[in-house]
Every structure is written in C-alpha cells, then in structure tokens.
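Feature list (source: TrEMBL):
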DOMAIN    A:66-273  domain 'ABC transmembrane type-1'
DOMAIN    A:370-564  domain 'ABC transmembrane type-1'
TRANSMEM  A:21-41  transmembrane segment
TRANSMEM  A:61-89  transmembrane segment
TRANSMEM  A:101-121  transmembrane segment
TRANSMEM  A:156-176  transmembrane segment
TRANSMEM  A:196-221  transmembrane segment
TRANSMEM  A:255-273  transmembrane segment
TRANSMEM  A:305-330  transmembrane segment
TRANSMEM  A:369-395  transmembrane segment
TRANSMEM  A:407-427  transmembrane segment
TRANSMEM  A:439-460  transmembrane segment
TRANSMEM  A:501-524  transmembrane segment
TRANSMEM  A:544-567  transmembrane segment
Amino acid sequence: MTARAGLRARLPAGLGLNLGVLALLALLVAAPLMTILMQTLDPERIGAWSDVLASPLSRNLFWLPALNTMALGLGVAAGCVLIGGFLAWLVVMTDMPFRGLVGFLATLPFMIPSFATALAWGTVFRNGRVGGGGGLLEGMGIAVPDALAWGMTPTMIVLIAHYYALGFTVIAAALATVNGDLVEAAQMTGASRRRVLFGIVLPVVMPALIAGGSLCFAGAVSNFAAPALLGLPVRMQTLSTRLFGMIEIGQVERGYVLAILLIGLSAVFLALGNRLLAGRRSFATISGKGGRARRFALGRARGPLTALALLICLVTTILPILLLIAASLAPMASSLFSGWTLHFWIGEADPAFARGQAGIFNNPQLLRALTLTVAIGAVVAFLANVIGILVAVALTRHRLRGISEAVSQLSFLPMLLPGIAFGAAYIALYGAPIGPLPALYGTSVLLALALTAAMLPFAVQTGRATVAQISGDIDEAARLTGAGFFRRIGAITLPLASRGLLASLLLCFVNVISDLAIVVLLYTPTTPLLSVLSYRYASDGFHQFANAVTLVILSISTLAAGLATLLRGRNRPWLSS
Amino acid sequence: MRTAILSACLTLPLAAPGLAQDLDALPPADLLPLAQAEGKVTVYAFTSRIGRVETAFEAAYPGIDMVGFDMSSTEMIARLRSEAGAGIANADVIYVSDAPLVLSELLASGLIAPYVPPRVAAALPDSAKAPLLQQRLSTKVLMYNEESYPDGAPVGNLWDLTREEWSGKVVMVDPLQRGDYLDLMTEIVLRSDEMATAYEAAFGQPIALDEGVADAGRQFITDLFQNDVVLFGSTDDVNVAIGAKGQEAAPIGFTSYSDRRDNEDEGWALQVANEVVPANGIVFPALLALNPEGQNPAAARLAIDFLMGDDSETGGEGFAPFYVAGDWATRNDITPHPDAIPLAEFNGWQIDPQQTAPIRAEVADLILQLQ
Amino acid sequence: MITLSHLGKTFGGAQAVSDISLTVPEGAFLVLLGPSGCGKTTILRMLAGLEHPTAGEIRFGDTAVADASRGYVMEPGSRNAGLVFQSYALWPHMTVAGNVDWPLRVANLGREERRARAAEAMEMLGVAGLAARYPGEISGGQQQRVAIARMIAPRPRVLLFDEPLSNLDATLRVEMRTELMRVHRATGATAVYVTHDQIEAMTMATHVAVMNGGRIEQFDPPERLLSDPASAFVARFIGTPPANLIPVQAGAWFGRMPDPALRGATGHGMVRAEDLALADAPGPDTFAAQPVEVVPMAGRRLVTGLAEGQRVTAVTDLAGPVPSELHFRLPPAPAAIFDPKGNRLS
C-alpha cells in the first residue's frame, strides 16, 4: 500500500468533496456577506450601526420599516400558504374539473414580474387621493377606499398574488406524495371531509406548508417593486425600499447595515418556522406500498369552488398580462384602452412621437440584451446546477458531521439574502482586486457569479431530490469498476438525473432572466440585460417601451416554463385522475 | 487596493501633467488627429440620450468610436470608485448629474478631473466652469395642472403648500429615494433667509420656529411633511398625479420643468408655477468631466467639446438630444428653446453643489425623522 | 354475518370483480386468497366502503351497506368496520397513542372512555410502552401492532385486513398470525382477510374464498380446499408443497402410460407429493425425471424432478446422495382428475 493510499484510507470518504463544496460556497455566499459586514464595521463607518439602531433616526430608518417588512413577510407567507394550499388541495386531492388548467395557471404568477402585478393593481384600484385620476373602478363610479389603493393592504395582496405560485408548487408536490392510505384510514373512522383535511392531510404536509411559507416570506421581505409603487404614497417604507433609497442618495453604509439587518431578521423568522417544523418529529414518510389518493368528491361545492379557483388564477395571471399588453400599446398611460398603436413595439424613430424613441424591436440594444439575457440565463442555470449537483451529492452520499451542516446552511442562505443586498455585497467584495486576481467589477463574470449564488437554493433543493432518487448501489457499482468521482458523476449520476436536472435548469433560467433586484446594482454597460433595459426605459419615463420589454421577458419565461412543464409532464402525478 | 490607489497617485502627477495641459489648450481641429489616432472614446452617461450623441459624434468624426454607457449617477459613482480601486480606467468621459454627490465622492478623491473646452470657455459663466464643467441645467420645480387651474398657478408662495387647503395635495418623489429631490430640500435649507422673508409675506408675521428647528428652511420642510405631503417612487408617478387631465382639483408638486414637453403625448396639463416666492425650486447642472487616467485623453476632450454643442444657434447635433424645452444650455450663445421660459426669467434657485454637499446628509436625517 | 350477492365491480370498462356471492356467519374468519390482480383487494375495499360496487349487494347482518341496484352506498365510517392497510397507514404526525385515540375522538367518545379503550387496545397488542413514540420511530412490526390497535379500539363488528403481514419478515409473520387470531377471538368480530399467502389462509381462516380473475374458484373451509380442490387452479395454489398436476392423454399418464384409474380422461391427474414415491429402478408404474432440487422438510426431503418438461415433487425418506436419474412411482389412482380447462372431472 502506498503512503497516499494509506492516508486516503484514514480520511473519511468524501472529505475532499465536502471541503471543496464548502470552499465554493464560502466564496460565493459567505465571503460577500462577510465583506459587507466588515465594511460597516470600519471605524469610520461604524456609526451607521448606531444611526440605524439607536438614534433619533432609527424609528423611521429601521424600526418602522422593519415592522412593516415583517408584517408584510408574515402576511404574504400566510396568504400564499392559504391560497397556494387551497389550489393545491383542489388540484391534487379533489374531483374538481379543469385541474390541469388550474395546475398550470397557478404556477405562472411567479414569472410575471411583481411590478407588473403592482401596476395592474394600480390600474384597477388606484384612487384619486394622490391626484392623477382614478383607476378602472373609480372610472366606473365605484369609490375605492385609501386602504385598498395604497399601503400595506394592496402591497400584501399584490405580493400574495405574485408568490402564491411558489406555495402552490411546493404544497402540490407534497400533497401528491401523501399516501392515499392515510386518508382512507381516516375516512374509515367516519371522520368528515373537513376533519380529514384538518386532522390528517394538513398536519402531514405541514413541512411543505412551512417550506412554502418560508420561500414566500423570503421573497416578500426582499421585494422592492411592490412596496415602492404602492407603499410610498402613504409613506409606508420597508427595509428593502429604505436600503435602496439609502444607497441611492449616497448613504451607502446605512444601506449596507439595513441589508445585514434584513438578512438577520429574515433568518430569525425563518428559524422560528423551522423550529415549528423541528418540533414535530419524524415526518419521514412511512415506507410500504401506498395506495393512490382517492379524490374527494366536492359534491355541491364543486361548481363554486371551481369558479373560485379559476377566478384566482385568471385574476393573478391573465389580468396583469392583459394590462401589460394594453400598457405596451396605449400612447397615454391615463387611458390604457384607447388609441392603441404598435409603435412602441415596431415603430421607426419619429421625432414627433414618444420623444423620437423607436420601437423596442428597432432598438439595437434589445437584440444584444435579448441574446445576453438568454446567454447569462443559460450559463447561470448551468453553473448553479453543476454546483447544486455537487452539493447534493456531498449532502446525500457523504454526510460529514459539521461540514455537511455548514454546506447545507450556506447553500440555502441566498434564499434569505434580498437581491439588492446581495448585489451590494458582490460590488463590495469583488469591486477591488484580491491578491493576484483581477477585480471582477464591470465584467459579466461578476453578474453571473452573483446570480449563480442566488440560484443555489433552487438548484441544491432540486439536486438533492434528484440525487436521492438514484440508488446508492448504482453509484457503488460504478465505483467497483474503478471509475473516479467526476467520471461517475458524468457517466452515472448526471444521465440518471437528467430529467429532474433539465427542469431545474429551466427553473433557474426563468428566475435569472426576470431578476431585477440583483441585477439592478450589478449590471454593467457591457451587460445590458432585458430586465435592466425595461427598468431603464421606465426610469426615463418610457412606460410603453418598458412594458413591451417586460412582455418579451415574460414570453421567454413562459416558453421556458412550457418546456419545463413538458419535460416534467410525467412528474406531475397529481394531474392524473 | 491601497497599493493601487497609491501607485495611481504617484504615477499620475509624474507622467500626465505636461501632456494633459497641452491637450487642455488644444482646439478641436488639433485634437482631432490625436483622437483619431486613439480611435475610441468611452462615455459614462446618466441618461439614455447618450445613444443619440454616439450616432452624431461618429458621423461628425469618422474613425473615432464612441462607446456610450448609461447608468444612474449613484451607480456611476459606485462603479468609478470600484474601477479606480481595481486600477481600471475604462471611462474617458463622465457625464453625470447629482452634482453634490459627485463633488464629494468623485472630484474630492481625484477620480475625475475638470476640463473646459477652450472653444466654448468664453461663452460660459464662471459658475459653469468650476469646479466642474456644467453642460446644461435641469430643474425640480413646482408644477401645476393648467387644465385644473386655468387662471394660473394656484399658489404664489412656497409656504402656501403648508396651508391646510393643500394638505395631502402636494406631491413629490421621496427625497430619500432620489438625490435630486434631496438637493431641492437642501437648497430650501440653504435659502433659509429667503424662506423667512417669504413666510412673512405669506402670513403677515415673522416666522416662529418650532422647538429644535434651526431655521426657516428646516421649518418649511417640517411643515410640508406635517401637511401630509405625498411621496412617490418616481417622477413619472408625480407627473401623472399633477398633470393628468380631467382632474377637478389636481394636486401640485415638484417635478422637472422639461417634462412639460410630454404633455401632448401623455395627455397631461403640466405647467410651471413660475410666479412663486421665494423661488419655485431648483435649477441644477449636468456635469462633464474627464477620467484623469483615461486611455484616450484627446478623444475624451473632443467628445466633451462635442457634447457642449457646435457654433450654431441651437448647438447642433452634439447638443440636440439635450436641446429641449425646460432644460437650458449653460452656454449663453445658444438660443433658449422657443417653447420654454428663458433661464434668465425662470424663478428657480441655481444650486451651488459645493454648498449643498456638506449639509445634504444632515437634511436627509431631518427628513428621515419627519417621515 | 356478511353476505355478498352477485357482487361486481368494473373500473372504466375493465371487469375487476364479477358475480361474487358468499355468506359467512358472525365471528367467522374469511380469507380472500388469490394471486395479485385477482380482485381480492377490490372486494375488501368494497366491504370497507372505499370502493362502490357496480353490481350486486353487500349486507352486514341484516343491514345492506351497499346495493348497486339502488345505487346505495353506506359511508365507510357508518359501517362499524375497521381496516388494517398493507402500508399500515399510520398518521405520521401523531404519536402511537394519538393514532389509536383519533378514531375514538371522531366517534365523539368521552375522555375517560377514550382513554380506557385506547389503553385496552394498546395493551392487547403490547404497544402500550410505545404510546408516546411517533410512527417513524418504531419498527415495522410495531407499526403493524399499532395499526391493529387503532382498528380495534372503536370495537368494530367487522375487521378488514389488506395483506397486513406482507411487509414483515418470516419470523414476525408467524408471530403476528397468532396475534391476529387472538385479537379476532377476543373481539368476536367477523374478520375478512386478504392475502396471496396460502399458509396464512390455511392457518387462520374458518372460510376461504380462492379467487382467480375476479371470480371465486372455490369457497370452502381450508381443509376442503386441500382434500377436495374444485379446480386445477385451486389444486396448484393450495398445499405445501402444492399437488402435482400430471398431464394425461386419453386415459394415459403423459399420453403413454395407460391407467384404468384415469377412466380415459384427457387433462390433468392430481397426485399429491406424499402419494408419489421414489423407485430404485424403472417399472411399469414409474416415470423418469431429471433431478432439479431437494428440500429438507420436517425430517423428510422434498425431491423435485423434471419429467417431460413438467416439474414433479415427491415427499420421500431418501437418504444419501440424489441419483443422477430419478424414477417416480405413481399411486394406484389420482386424487382428482381435471379436464384441460381445469374443471374437476372426478
């Protein structure tokens, strides 16, 4: 036996892989966060902490926005679990008609940018309190109370309408795996449908409810567009509008401190959620042949519940999309349904119209942005999933005490990092050169790295599920042939995981191309992405163009999502009758 | 990073001055061959209109490729700082707004350098030449809805905005979300004496400051926020709120005078309230500067010269994207836009960025407490 | 008493169960025995009320619980029946005690009553010590006991079991059989038990319905299935080892060994393994076979050989090495004769 082999034998299997993955995550996730933290601890800037936390300013700078943020997060999480769970229950466990349609529509809202949903809300519910005339409802002579037009309520509703899709996806998947016997065993006792639902089904899927709620919470607290559009007019600030504003007016340190606090607060709330989860022991599905769930007969409630489900789906998907389309065609934002023109899409530059802006398809930047967006989306999806698979293999095949926990935590941390804070962290870290490495600022590499890190939670989650499905025996059989680790990954794990992976790739892709929160601080002139192009049109006052670009993003997302649905088709057993 | 800055500081004074001073004095005709040898110039601009300048520049000076990048002033500042830290000098020309922030964050640390093209120097007032070259002036001023108020501006004094009748009917962008609105608030504080006089004109008695309020400007801001001023996230929302037609008693608020040119396109009735004491808002500059370490020093100077406009009445192609009603060229030999009030007759305060910068953060803190 | 009359069930045109009629008395232990896909589980689920018959009627005592002709189906919870699932179907979010208690709560029993009944049921199955554990924390055998405790706690009159022992190892299976019979006796309820394991059927049942292709092949007490199989299917399915079915052609074994006892029949002659002997040398009543396997059993040996493509097994006292060629000696007469379709001729 050589010395090297002897050494290897003494080290635990997979140590190298675990350490490698840990190092990667430290670079992508831990380092940016530490940098941002260190920057605020600089002696010259440490005052920002007391400004934020303990000064006459802190009430408006931190505490009230924090309160709003957490209320928003909890409200959105609860609402999403409720609506997402309700739809998931109807689609997976009942005999509701149009289950396939509802199941597809309910996954769409997440792809519609939240600012579009917010705009849609404004178009309908805006009232004249702050001038500019009212929305559609006021146009029809229906008075809209302030509370419905501005502030916490509409922001929360818009965010629920945006994020419930996440809740639906997670809960529907969990419901589909609920052993039908569990439900029948409960029916045998004579329990009512309601009692079976609340006594058996809901508790069994509680981990999924909490997981879905956590995702929605994380999304809501870091969302910028909705609170900025609907909250500011009544001076409702959230941590994310505050930190964006602070960075915007040049008080960067305070912005960073707010970002760290937002991360910390989110972490605390999510940990509380996990504590709830941990309090319920041993949820592991009990092995044994499970019967297929028998669908609840909805009976007389079938019609009304179907109508309600379709209404929710249509209102949260078709309505924002229709309004976006109208807003990309109407010359005047004040009358969305008159004087439609395709100028904003395909018009030639005309000094007499729209300040001489040519339609988006005549904007040479659009094509560049389109290719770049798709390219970055593809690269990031690929990178994130490669890392995701490595992390998943380390976590499922080679668990090591201590290291595995760190790897697991770090890979889920980006979920807690608001996009804006994440972007700021990457600027802070990679803006300057480190040792012999060049500064990454100004390169699309930086953007790709940040987005890759941001997509890790999705990729790792999917990766773990996929890798766990592949029997360890298969990998061991390959190992006996003498194939090395990467060879086995390439020849055995990847091909077997390909279907799940493909779906995960597309999920990351959709997320990347519609992301603005991270990109808005990180994009560079060499990397004009579609979401930035849309943002830039909007900030120059060209709303129709901005909306048209948004629709382009949405079409790419929907195409990708459709492809993902096709690929995942057979993985949606809840749609079979 | 420290080493990079240090070395930059060391090499710059040694290598650059002689050459730079030579270039600074050259007329465009002499810059052209040098610039053509360089072949390229990179412009960081705060507006997407740089795209049109690009086309015009390349037509005027074939053989020089202008690369225009647009981003917000805040992003530009963060980017220039990071690039300097990394020892990268990508930009040649910096075209930026947010003057107070630019002076304190970029000029003070030597990340940008002033340059005034000799061709136009004589046509510029001193304030437009130092500390940085000002290309044009924009506004954040009080605007009203001329359809809703056909008899003219419904207020004649800024203090009127703090009256009960305007409660919840004054709109602007949150000064803690946008730097130019923070500059407006800061200017009001700087003009406290004028605000005090205006107060007396409005209410017939000298101003009595609340406890803990230092001056009339801060008092005005306090009163304005207590009068339920409505904040938005963007100027477009402000424009719609003020300008949308069909409103019976439209709100009034602060926005850009130049946005009036969109009245027809957007169905607005925006009009400036020019007869307001002590002033209707601020007039602030867009700045042009050099990157002292730029790779294309001659082309950079030629580009700034081009952006200042040619010798025609309206500044020609280089200035055309910025020759709009409601913005003014700093050059006194460019004819004011016929559709707008000339700068001389405009009732806005022209800000002095050097005065604004020191107290800007303090004003932000005041607003923070008021929200 | 459970009565099934002309019970039938189709799933989207496919006939899962047809024309099932049988009656078992109160307190009986009915085993539905058959290979997978024979429809036995479907019948059990119709008894539970989880599936609705498309034909026929089910009565518990005098009460009709399902009647396809009237379209009447009684809710599962109203049938006073309990079901143990193959997967046990323990609710993973409740403790063992919680699982046993929940059906009692649904039945709106008082707190004291519930406590007493749950304790009694858990005692009876020996899982009282696990009361505070979660299903994920106990072994498969323990889960099985909890599932049974949960079923009997509400004291149902009908106990339904869906292959409850199939996930247990051999030792546990034997132990649980005894346990189940004890529980059945203790409760006095009527049990219906689905399995594909004929030993379970033989040891536990008072009545066995052997099923094949959605129909009952034979409905009898276990001993009759052995002594008097109604069809070739039953003869092949029942018995350890199962009986040999040797092809006969026109009254001759293998078509070449005429035997008057076959009475000229064509089809199969049934010869029990214990009726087949090994001969030292070929004779008029022997046939040759290649040895296939030898299984020691209860002090004797089961010798299996391949004769003309047909597996044949005999119970022997053979000692020492197995010869390279076997000679099986036929009994004077077959125990039964079946026609080529498997119907009993005599």
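Including glycine, each Cβ sits where the backbone N, Cα and C put it.
At the 8 Å Cβ threshold, with sequence separation of at least 6, the transmembrane segment (A:255-273) lacks contact with the transmembrane segment (A:305-330), having fewer than 3 such pairs.
Contact counts against the transmembrane segment (A:439-460), taken as Cβ pairs under 8 Å, peak for A:21-41 among the stretches A:21-41, A:61-89, A:156-176, A:196-221, A:544-567.
The listed stretches are A:21-41, A:61-89, A:101-121, A:196-221, A:305-330; of these, A:61-89 has the most Cβ pairs under 8 Å to the transmembrane segment (A:156-176). The highest tally of CB pairs under 8 A with the transmembrane segment (A:101-121), across A:21-41, A:61-89, A:196-221, A:305-330, A:544-567, is held by A:305-330. Count of Cβ pairs under 8 Å against the transmembrane segment (A:305-330): among A:21-41, A:61-89, A:196-221, the largest is for A:61-89.
Residues of the same chain lying 6 or more positions beyond the ends of the transmembrane segment (A:196-221) and with a Cβ under 8 Å from any Cβ of it are 69-70, 72-78, 80-81, 84-85, 89, 93, 159, 162-164, 166-171, 173-175, 178, 182-183, 186-187, 238-240, 262, 265-266, 269-270, 273-274, 276-277, 280, 283, 415-416, 418. Below 8 angstroms of C-beta separation, residues 51-53, 55, 102, 106, 152, 155-157, 159-160, 163-172, 175, 197, 201-202, 209, 212-214, 216-221, 227, 231, 236-242, 254, 258, 261-262, 265-266, 269, 309, 312-313 of the same chain, each at least six residues beyond the ends of the transmembrane segment (A:61-89), sit close to that stretch.
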